[in-house]
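As given in Swiss-Prot:
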- His320: active site, proton donor (ACT_SITE)
- His134, His136, Lys217, Asp360: Ni(2+) 1 binding site (BINDING)
- Lys217, His246, His272: Ni(2+) 2 binding site (BINDING)
- His219: substrate binding site (BINDING)
- 129-567: domain 'Urease' (DOMAIN)
- Lys217: N6-carboxylysine (MOD_RES)
Amino acid sequence: MSNISRQAYADMFGPTVGDKVRLADTELWIEVEDDLTTYGEEVKFGGGKVIRDGMGQGQMLAADCVDLVLTNALIVDHWGIVKADIGVKDGRIFAIGKAGNPDIQPNVTIPIGAATEVIAAEGKIVTAGGIDTHIHWICPQQAEEALVSGVTTMVGGGTGPAAGTHATTCTPGPWYISRMLQAADSLPVNIGLLGKGNVSQPDALREQVAAGVIGLKIHEDWGATPAAIDCALTVADEMDIQVALHSDTLNESGFVEDTLAAIGGRTIHTFHTEGAGGGHAPDIITACAHPNILPSSTNPTLPYTLNTIDEHLDMLMVCHHLDPDIAEDVAFAESRIRRETIAAEDVLHDLGAFSLTSSDSQAMGRVGEVILRTWQVAHRMKVQRGALAEETGDNDNFRVKRYIAKYTINPALTHGIAHEVGSIEVGKLADLVVWSPAFFGVKPATVIKGGMIAIAPMGDINASIPTPQPVHYRPMFGALGSARHHCRLTFLSQAAAANGVAERLNLRSAIAVVKGCRTVQKADMVHNSLQPNITVDAQTYEVRVDGELITSEPADVLPMAQRYFLF
């Protein structure tokens, strides 16, 4: 057998076991753990390459081969960092393994035939599409912005640029829920709606769940009282949906202990659990220590930088309909912004105590920066804290798995959609993001939605080849016409699906139901299940984890920043 140098092999087929890859311009390095292709039998498309008739491509009919194969991909997911071919059929992941022609090649698990399209993933990283669970539906254009960043599923609420939606992620009542489901039917992303959970009697909540929401949002701007919390969780337990909480910053109806008592050990998703985005001041951060609390962050506090504090005050005044000329409004805003808890938040993410990241889109958060900021935190923590104790080699594999889980599998588990999305696993919707390593986390090379390319960078349309500048992200065929209805999912509650909501509203997209929302616990949060004892000093706001002071220095320079956005 002929030999090839490791560098030449990587140049031709991408990295293999033992090779290391740097993520963008961060200090994060991953090492390939396994290679599911077969050395000497790799498939590659192009002139003089393998995927040709009678060679890597067989004679089987469409029923017996995949629709799409991503060749020689470096998969980065919560379950591993693995080199493999990825086969897609009928919009779902068919197999992860070895592609080729089973008539002449060994170990083939992904048959290639005349019906198979190829995406060349040699030298590329492939991740699952991101999931953003904190969406204010202020404008529909957020969907394309999110898709360009690598987010393919959006969970939240709202009705457009109304005061209520500027502040809260609630789509209130059956009429608005129906209209928003119809509007979202044409968006190129998966969606799930949250209803308004702020009532103390259950019938107004039940009718929203029956209308189609997959969760209820309790927000202090509508009154996050213990009675409302208890009522929403009671209905959630009854109808198997999730509850998301933005708790009472002003401590008017109780303190964090009262909110935890009202929750009563039941599963709940706490938004921006550090507190700058809202929640009991100054100690809502302590909630993430509890086994039933699924804590997330929104991205304006991630990572902690020199500008974080100054930026927040103006954001908060605008989003929560506050008046800078009213002293009480200013005091309310200032009570939420604490250097000490923001500095601790990054460390809690690195420890795996905070489980999810999200945006808070146009409402104190940036919809296109969930993925980017998650990796900036990972970089900052690598630089400040060094290698994690869980690492087993000279790489950052465990840290990378911890951080990618925060915006993929963990939000999917939290909201009962992990059976459909959230990871690169057989049977799940083929929502896949292809990255060049140098642009990882910043600018995808291709975003695949339900098996079709939905958006990608594209050069001059009148050029003789697709690459000449100016290059812009443009919607592709998977995001157009009736095709998008086959490539996306609308998530509904089980009650709504059983009641025929999709048929009554003439929704054209595929429907999936949420399930398992009430049994998921902090222990189920992949690589992010730590439940330490957390205390906050009421005077200094210092945060201690198991008695140890935790903090971080504000960054003055970040990777994945200006140098990537000069063009």
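Here the Cβ of each residue, glycine as well, is placed from N, Cα and C on the backbone.
Taking the features listed in Swiss-Prot, we show where each one sits on the structure.
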{"residue": "His134", "record": "Ni(2+) 1 binding site", "contacts (Cβ under 8 Å, 6+ apart)": "Val155, Gly156, Thr169, Ala244, Phe271, His272, Ser296, Thr298, Ser358, Ser359, Asp360, Ser361, Gly365"}
{"residue": "His136", "record": "Ni(2+) 1 binding site", "contacts (Cβ under 8 Å, 6+ apart)": "Gly156, Gly157, Gly158, Thr165, His166, Thr168, Thr169, Asp360, Ser361, Gln362, Ala363"}
{"residue": "Lys217", "record": "Ni(2+) 1 binding site", "contacts (Cβ under 8 Å, 6+ apart)": "Gly157, Thr168, Thr169, Cys170, Leu194, Gly195, Lys196, Gly197, Val243, Ala244, Leu245, His246"}
{"residue": "His219", "record": "substrate binding site", "contacts (Cβ under 8 Å, 6+ apart)": "Ala167, Thr168, Thr169, Cys170, Asn198, His246, Gly278"}
{"residue": "His320", "record": "active site, proton donor", "contacts (Cβ under 8 Å, 6+ apart)": "Ala167, Asp221, Gly278, Ala333"}
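According to its DSSP assignment, His136 (Ni(2+) 1 binding site) is in a strand. For the domain 'Urease' (129-567), the predicted model reports an average pLDDT of 95. Other residues of the same chain near the Ni(2+) 1 site, with their Cβ within 8 Å of the Cβ centroid of His134, His136, Lys217, Asp360, are Ile135, Gly156, Gly157, Thr168, Thr169, Ala244, His246, Phe271, Thr298, Ser358, Ser359, Ser361, Ala363, Gly365. Summary of the Ni(2+) 2 site environment: with the site residues Lys217, His246, His272 set aside, the chain residues having Cβ atoms within 8 Å of the Cβ mean position are His134, Thr168, Thr169, Ile218, His219, Ala244, Leu245, Ser247, Thr270, Phe271, Gly277, Gly278, Gly279. One residue stands out among the binding-site residues His246, His272 for having the most other Cβ atoms within 10 Å of its Cβ: His272.
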